[in-house]
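This report concerns only the one structure given below.
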């Protein structure tokens, strides 16, 4: 009985932390969606990541809502000893765990397919919004500065974009080499000659370079999820 009470308390505290993290993600997601410029001013130097290829605000809101609900279910189920809540918590966590494993397999085995899928999503957005949408342009400028890359695949992603139509030139990141100066115009010929790598390939290179850290973080998250599932099932099976 003492062991049951201890595990129940740990379950409540653990899910209270998850609940608070979900609330924080929701708050940040709403902040980014409403005022992305101020967010980038604060976190711009840290923002070179895969999240810059999607709408960060909506992603954080969705992730925050799931984590918020998960934390609530875990706390409620453990506190009230509700079998229904604990079982729902277990299955949601199991689905998340399976989705993470599937995403990792796809990312490792089907990198080319993932690149093609992302290209279909990201490149049209660049052609439509780069140079006209301030926040979108600033995110990509930060990404290209930090990763030292050009576009998603290469300079051709910017063809027919508002920036190219207005300036009759490509972003300077696409002509970034030791001989280039800030005053030089990045023409199509220069960009084609210098062949600055796209941000997706550069991101993959950075991830592979830091594979141990990435793998350790992923393993840690997976371990916590497995532990939470085991604890929820222990409580479920020991309830009257």
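Residue numbering: from 1, along the chain as shown.
Quick reminder: no glycine exception, Cβ is built from N, Cα and C everywhere.
Lifted from TrEMBL, the feature list:
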TRANSMEM  12-34  transmembrane segment
TRANSMEM  54-76  transmembrane segment
TRANSMEM  88-110  transmembrane segment
DISULFID  149-186  disulfide bond
DISULFID  150-174  disulfide bond
TRANSMEM  211-237  transmembrane segment
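Around the Cβ of residue 149 (disulfide bond), a 10 Å sphere holds 24 further Cβ atoms from the protein chains shown.
Counting every protein chain shown, 27 other Cβ atoms lie within 10 Å of the Cβ of residue 174 (disulfide bond).
Residue 149 (disulfide bond) sits 7 Å from residue 174 (disulfide bond), taking the C-alpha atoms as the reference points.
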